[in-house]
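S.K.: Here you go, one structure.
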Amino acid sequence: MAVKTLKDLLDEGVDGRHVIVRSDFNVPLNDDREITDKGRIIASLPTLKALTEAGAKVIVMSHLGRPKGEVNEKYSLAPVAEALSDELGQYVALAADVVGEDAHERANGLTEGDILLLENVRFDPRETSKDEAERGAFADELAALAADNGAFVSDGFGVVHRAQTSVYDIAKRLPHYAGRLVENEISVLEKIAENPEAPYTVVLGGSKVSDKLGVIEALASKADSIIIGGGMCYTFLKAQGHDVQKSMLQDEMIDTCKDLLERFGDKIVLPVDLTWASEFAKDAEKKVTDLDSAPEGWLSLDIGPKSVEKFADVLGASKTIFWNGPMGVFEFEAFSDGTRGVAQAIIDATANNGAFSVVGGGDSAASVRVLGLDEEGFSHISTGGGASLEFLEGKELPGVAILKD
């Protein structure tokens, strides 16, 4: 990755300089606005600690949720400021706005080693504007917070696939560097994209075939096996002629799945049994059947135990594994066995077969934590679901491309 990194910035010296860091604190919150998964916050700490220890005046920005360009208390970064303070062991102030009077006053008042968190950048409609002039004006205002001799560090890997102001446009206005998280994520994904050790297995789950179509097309030539579970597997099974009853289905993608099976059928590995629910509810009645015994009027919420076994056999022989998307509705304990079983098979392959295993962010990373699995059992857990998929599809990531300038 031919870009300047945090090491380059630290070598230049940051003592007394304002450094704006774009992190990704788009974390899940419960109804009491408590953070339920601190993974992305923990991942941001190495860059922030390195800067504060070197005497920088650090200004951090992030989005949270989709407030649609309006101030909305529900999406305030207050819980993030609190969590950062706890994790860093130092007070992290939260500005009352993004580029308003409070943000400027607090930025001007920073001393060496201080951290200021701006309020949710998506409270300003210009953050996600399609109008380059609007984004440019917002970028000017953000850059102004850094005063003279400021710098920008891109460390929110989960957003580098978006050409948004705080990710892309601001990098045109300040000396720019890749933070440790972004640098590490890119190097891991480059290893998989450019030189994966065979056998290379891709595990795809999640709800929609349409979301993963690009990655199937891109990886079919490189991967030895593509395991498909989760909501997207039902469209493939339907394309094979199986009855999936009321399971999630993308009717408009059935012909596409038929085409993929015709072209890559020797690589695509599908479930051989399914776990069914009488309704979409965590306490629904549950049945496991083979593919030809679908219970009338039910819907499948997970793969079955024979499928886990089949997938585990493939994974156990693999040397490179990329996993993106759960195998079922893991949030419901009764329908979490498929995701747990496949995740454990990846952990086992990593330990016993020396596999290089990457969890591609998003719901997969969340499931590892929710199910209490050993995070250290994987070679790498990415913080970016969409970004990691787009990288492996060979797409240019705007937030990375702009750093190469």
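Every residue gets a Cβ built from N, Cα and C, even glycine.
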S.K.: Kindly point out which candidate in Arg106, Arg135, Arg162 is recorded by Swiss-Prot as part of the substrate site with Asp24, Phe25, Asn26, Arg40, His63, Leu64, Gly65, Arg66, Arg122.
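M.R.: Swiss-Prot lists Asp24, Phe25, Asn26, Arg40, His63, Leu64, Gly65, Arg66, Arg122 binding substrate, and from Arg106, Arg135, Arg162 it also lists Arg162.
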S.K.: On the three-state reduction of DSSP, what should I expect for Glu331 (ATP binding site)?
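M.R.: DSSP assigns Glu331 (ATP binding site) to coil.
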S.K.: Which whole-number value in Å describes the distance between the Cα atoms of Asn26 (substrate binding site) and Gly362 (ATP binding site)?
M.R.: 11
S.K.: Have a look around Glu331 (ATP binding site) and count the other CB atoms within 10 A of its CB, chains all included.
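M.R.: I count 15 other Cβ atoms within 10 Å of it.
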S.K.: In angstrom units, rounded to an integer, how far apart are the Cα atoms of Lys212 (ATP binding site) and Gly65 (substrate binding site)?
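M.R.: Cα to Cα, Lys212 (ATP binding site) and Gly65 (substrate binding site) are separated by 22 Å.
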